[in-house]
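Summarising the annotation, TrEMBL assigns S-adenosyl-L-methionine binding site to T117, D171, D199, A200.
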Amino acid sequence: MAAPRSWGLWSFCCRGWSRVLPGCRLPGLRSSWPRGPLGARPLSQEKRATETHFRFETVSEEEKRGKVYQVFESVAKKYDMMNDMMSLGIHRIWKDLLLWKMRPFPGTQLLDVAGGTGDIAFRFLNYVQAQHQRKEKRQLRAQQNLSWEEIAKKYQNEEDSLGGSHVMVCDINKEMLKIGKQKARAQGYKAGLAWVLGDAEELPFDDDKFDVYTIAFGIRNVTHIDRALQEAHRVLKPGGRFLCLEFSQVNNPLVSRLYDVYSFQVIPVLGEVIAGDWKSYQYLVESIRQFPSQEEFKEMIEDAGFQKVTYENLTSGIVAIHSGFKL
Ligand SMILES: COc1cc(O)cc(C/C=C(\C)CC/C=C(\C)CC/C=C(\C)CC/C=C(\C)CC/C=C(\C)CC/C=C(\C)CC/C=C(\C)CC/C=C(\C)CC/C=C(\C)CCC=C(C)C)c1O
Ligand SMILES: C[S@@+](CC[C@H](N)C(=O)[O-])C[C@H]1O[C@@H](n2cnc3c(N)ncnc32)[C@H](O)[C@@H]1O
């Protein structure tokens, strides 16, 4: 899919900085994250007693689960607007880049975990539809003797317009899914899309089911990242691909300084002013700092059984896309 022209300069900034300037890391803590909330699965005594981190505090895993749930329940309605305002729209380019890296083929079965309000799913549907239409046009040009009725029929079948591709959005939070479904209705997405309430650590799907697994800005919130990665590996078909878009560690000293000021001094203030929610945005910036570095996360993905694991820094490492294959 061609990049919209207006994204050109931003896209250069987002991708290019990381290549131009050599690395410098922000101090990153590796933490054992508590699992997200579904509430249904009873935890053992041992698990209940385990401690973890929420923001920079030590809390029980149970507490953390509930707190993460509350954060997204609280931000759901303003989530999309906040992202545009706080990132000046840059998050859209990061998400586009994830799709361009995925390059889905006709018939791709995608599972988007922690899919929230559907940004990745909608991009996927746009991508496969555009790709399918180009293919149809090529075919039509090749068979110029088709009647208008036959041509119209080809465009009428909505399911067919996706070439058999499908995306399943899975998220633990009802409110985020609710907003996602409303958006889908408003924007006319219907075919090839399903919404499921579920925990990344215990996915409600059979083994070997999907061609691609994505998780965008989600894995940082999961209690046990290792369990989520194992689940990703389980539900992917052999040959399937894991793709994760997540905040990471900045590799440029100047950007790092500005980023720290912006994160800690500006983001929570914007959270309070625009959404009346300082705490959730304080949680966002603190959770970013606690997420493993690019290399550490790469190792975790390998530990879960993925092969050919690579990552690409975007915007000087503010975020990174990790990729791995189930071979
Ligand atoms: C509760 O949990 C969450 C809630 C959510 O709403 C979202 C998430 C998950 C996140 C996403 C889905 C992604 C979208 C959301 C964000 C990006 C918000 C979080 C943002 C950051 C942690 C910081 C990174 C921000 C950017 C890269 C956007 C670029 C920002 C600017 C250009 C800032 C401009 C700001 C001003 C002019 C205000 C004045 C600022 C200051 C006085 C401080 C000095 C700062 C700067 C001069 C700018 C610093 C900018 C950079 C270091 C980035 C430069 C990069 C480029 C220009 C390309 C969720 O979990
Ligand atoms: C920052 S949002 C990302 C949403 C979307 N992927 C995007 O890029 O805009 C994080 C999402 O992760 C979800 N989440 C947190 N813990 C989860 C878990 N254990 N399993 C599934 N989803 C989870 C939250 O409910 C929230 O919708």
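Counting begins at 1 with the first residue displayed.
Cβ atoms here come from the backbone N, Cα and C positions, even for glycine.
Bear in mind that TrEMBL entries carry predicted annotations, made automatically and left uncurated.
All protein chains considered, the CB of A200 (S-adenosyl-L-methionine binding site) has 26 other CB atoms within 10 Å. T117 (S-adenosyl-L-methionine binding site) falls outside any helix or strand according to DSSP and counts as coil.
Taking every pair among T117, D171, D199, A200, the residues recorded as binding S-adenosyl-L-methionine, the greatest CA to CA distance is 16 Å.
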